[in-house]
Amino acid sequence: MGFLKGKKGLIVGVANNKSIAYGIAQSCFNQGATLAFTYLNESLEKRVRPIAQELNSPYVYELDVSKEEHFKSLYNSVKKDLGSLDFIVHSVAFAPKEALEGSLLETSKSAFNTAMEISVYSLIELTNTLKPLLNNGASVLTLSYLGSTKYMAHYNVMGLAKAALESAVRYLAVDLGKHHIRVNALSAGPIRTLASSGIADFRMILKWNEINAPLRKNVSLEEVGNAGMYLLSSLSSGVSGEVHFVDAGYHVMGMGAVEEKDNKATLLWDLHKEQ
């Protein structure tokens, strides 16, 4: 028996079969969930519909989170097709490319507002819109990153947005807890996705994480997907307001990993460069 058998969930923000939202959707489907999906525009619809078909879902809706009328339409469509929901996955984040270059000091007010509206307020509006459809014990999950609390090169205004997103998770967890609805964030390590492709030097970031994480590896899409499924299922029924890390332990590190060489501690990163 699957952990999500008979449960219905909405996946918001899947971009392709490399995205974290896809990994979560696949794991939920494997555990018996019925899924619905959203797409941003016609261009992304062509990517999302094959994913929905792969996961046996006829439910695909347009949702541009910057358009209020789309939320109303989404509510009506989900209510008509599914009646209610047991979980929501919010995988929406955006900042203009120029805001991920240079320094935070150079961030324009327009870029700042865009990042906050799309990456943070969308979770609040989505949850509030669909709250009447959420069943007792439902779960809401959003995606964050370590750049919310630590400096990450080239992350800039998205670090601020993720910090605000994690704060929103805590406040929403309290607001919705009285209705027995849980809200959590999943903070994954670096993975090659459409979103990460916009971050400069991402290949170096992947290698740095692999060398310095306690598990000496990068996480897989399957590992992140399974963790997401856990947070959406009754397996985590006592968990809310949490930021759950799936990053091979990288978030616990205070400095680069070291190893003994010639009777002295040497950075693994330096040893790797010598090879």
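Cβ coordinates are placed from backbone N, Cα and C, and glycine is handled just like the others.
Residues or ranges marked as active site, proton acceptor by Swiss-Prot: TYR145, TYR155. Feature annotation from Swiss-Prot assigns NAD(+) binding site to GLY13, SER19, ILE20, ASP64, VAL65, VAL92, LYS162, ILE191, ARG192, THR193, LEU194, ALA195; the stated evidence is experimental evidence. The annotation substrate binding site is assigned in Swiss-Prot to ALA95. Residues or ranges marked as site 'Involved in acyl-ACP binding' in Swiss-Prot: ARG203.
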Which of the recorded positions ALA95, TYR145, ARG203 has its Cα nearest to the Cα of ARG192 (NAD(+) binding site)?
ARG203
Of the recorded positions listed here (GLY13, TYR155, LYS162, ARG203), which is spatially closest to TYR145 (active site, proton acceptor) when Cα positions are compared?
LYS162
List nothing but the one residue from LYS162, ARG192, ARG203 whose Cβ has the fewest other Cβ atoms within 10 Å; the candidates are the recorded positions.
ARG203
Using Cα positions only, nearest of the recorded positions to VAL65 (NAD(+) binding site) (ALA95, TYR155, ARG203):
ALA95
Can you tell me how many other Cβ atoms are located within 10 Å of the Cβ belonging to VAL65 (NAD(+) binding site)?
23
Please report the distance from the Cα of LYS162 (NAD(+) binding site) to the Cα of TYR155 (active site, proton acceptor), rounded to the nearest angstrom.
10
